[in-house]
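Working notes for the structure below.
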Amino acid sequence: MEPDLTLRITEIFYSLQGESRTIGYPTTFIRLTGCPLRCRYCDTPYAFQGGRRMSLAEVLAAVRVYQRPCRGDSPVATASGDAPAPGQGGAGQGDLPAPPSNLPPSPFALPAARFGPPPPFVTVTGGEPLAQPACRELLRALCDAGYRVSLETSGALDISGVDERVEIVMDMKTPGSGEVERNRYENLSELAATSQVKFVLCDRRDYEWARTGLQEWNLASRCEVLFLPVGNPALDTLSPRALADWILADGLPVRMQIQLHKVLWGDEAGR
């Protein structure tokens with residue numbers, strides 16, 4: 001680990017994973033600041049700028065808060081430097097209960113009876129995490145520390161060189177996002193079997209675009225593919241039920257999801 005590396009962090013918080021393969025699992029989230037894209041439905045514009053500069057060691061220390069009982073602990077860990085109020089998320093939250101140590105194994109994990117429970121989940125998100133050069137070193141350090149690490153990325157930046165232990169969740173931006181021209185199609189050749197490709201869909205046009213891409217890029221044979229209706233109420237023109245009906249009618253080899261955290265907490269930050 002390089003001690004001089006720093007990252008700009010918007011927030012570090014503990015919540016349930018709202019989407020992807022580990023949906024529903026208690027997870028520590030590290031939200032990096034900054035993004036070169038401006039998707040129409042973006043639900044985290046507060047991560048475009050600001051944040052707090054933190055060393056790699058400080059970030060790792062903040063993550064460790066959620067892996068042990070922390071009642072009474074209040075280490076400096078929030079991006080603002082202020083201790084968050086109870087229930088508001090943010091590392092260093094002194095009254096947050098420790099995550100359970102006996103989480104059931106994921107269906108994608110090795111049998112718990114032989115190998116024990118899965119390691120704690122950590123997700124690096126944004127913004128666009130890869131816009132910060134130190135992100136790759138952060139991912140590597142988290143893996144070295146024994147966490148099960150996922151990276152949420154827009155697909156607009158190069159994913160090559162990301163530690164092979166990291167589970168990459170990569171967007172393919174649809175026409176409805178307003179950023180379809182930013183897709184970096186070279187990334188498709190970098191996907192591993194543990195990767196996931198995510199299409200956030202605004203309408204029927206987006207669905208048909210994603211369906212065509214699914215076939216042309218042979219995505220289902222590369223990795224798991226996720227279809228989600230956009231979770232921004234101001235832009236919703238696609239109901240989850242309609243999307244489900246289309247997927248079933250076409251027999252697509254994709255996993256449909258609805259963002260769990262939006263169902264539970266809406267657009268509340270730190271969730």
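The backbone N, Cα and C atoms fix where each Cβ goes, and this holds for glycine too.
The substrate binding site feature in TrEMBL is assigned to Leu16, Gln17, Gly18, Arg31, Thr125. Positions annotated as domain 'Radical SAM core' by TrEMBL: 22-267. Summarising the annotation, TrEMBL assigns [4Fe-4S] cluster binding site to Cys35, Cys39, Cys42. The S-adenosyl-L-methionine binding site annotation in TrEMBL covers Tyr41, Cys42, Asp43, Gly127. Here TrEMBL flags Thr44 as Mg(2+) binding site. For 74-106, the entry in TrEMBL reads region 'Disordered'. Sequence annotations record features per position, and here TrEMBL assigns compositional bias 'Pro residues' to 97-106.
Everything TrEMBL records as a feature, shown here on the structure.
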residue: Leu16; record: substrate binding site; contacts (Cβ under 8 Å, 6+ apart): Ile23, Gly24, Tyr25, Pro26, Thr27, Leu260, His261, Leu264
residue: Gln17; record: substrate binding site; contacts (Cβ under 8 Å, 6+ apart): Ile23, Gly24, Tyr25, Pro26, Thr27, Phe121, Thr123, Leu260
residue: Cys39; record: [4Fe-4S] cluster binding site; contacts (Cβ under 8 Å, 6+ apart): Ser154, Lys173, Ser177, Gly178, Glu179
residue: Cys42; record: [4Fe-4S] cluster binding site; contacts (Cβ under 8 Å, 6+ apart): Cys35
residue: Thr44; record: Mg(2+) binding site; contacts (Cβ under 8 Å, 6+ apart): Thr10, Arg31, Gly126, Gly127
residue: Thr125; record: substrate binding site; contacts (Cβ under 8 Å, 6+ apart): Phe29, Ile30, Arg31, Leu32, Leu151, Glu152
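Within the group of binding-site residues (Gly18, Gly127), the Cβ with the highest number of other Cβ atoms inside 10 Å belongs to Gly127.
Cα of Gly18 (substrate binding site) to Cα of Tyr41 (S-adenosyl-L-methionine binding site): a span of 17 Å. Excluding Tyr41, Cys42, Asp43, Gly127 themselves, the residues of that chain whose CB lies within 8 A of the CB mean position for the S-adenosyl-L-methionine site are, in sequence, Cys39, Thr44, Pro45. Those same-chain residues not listed among Leu16, Gln17, Gly18, Arg31, Thr125 yet with C-beta within 8 angstroms of the centroid of the substrate site C-beta atoms are Ser15, Glu19, Thr27, Phe29, Thr123, Glu152, His261, Arg271.
Confidence in the domain 'Radical SAM core' (22-267), given as mean pLDDT, stands at 83. Annotated [4Fe-4S] cluster site Cys35, Cys39, Cys42; additional same-chain residues within 8 Å of its Cβ mean position, judged by their own Cβ, are Leu37, Arg38, Tyr41, Thr44, Pro45, Phe48, Gly127, Glu128, Ser154, Glu179.
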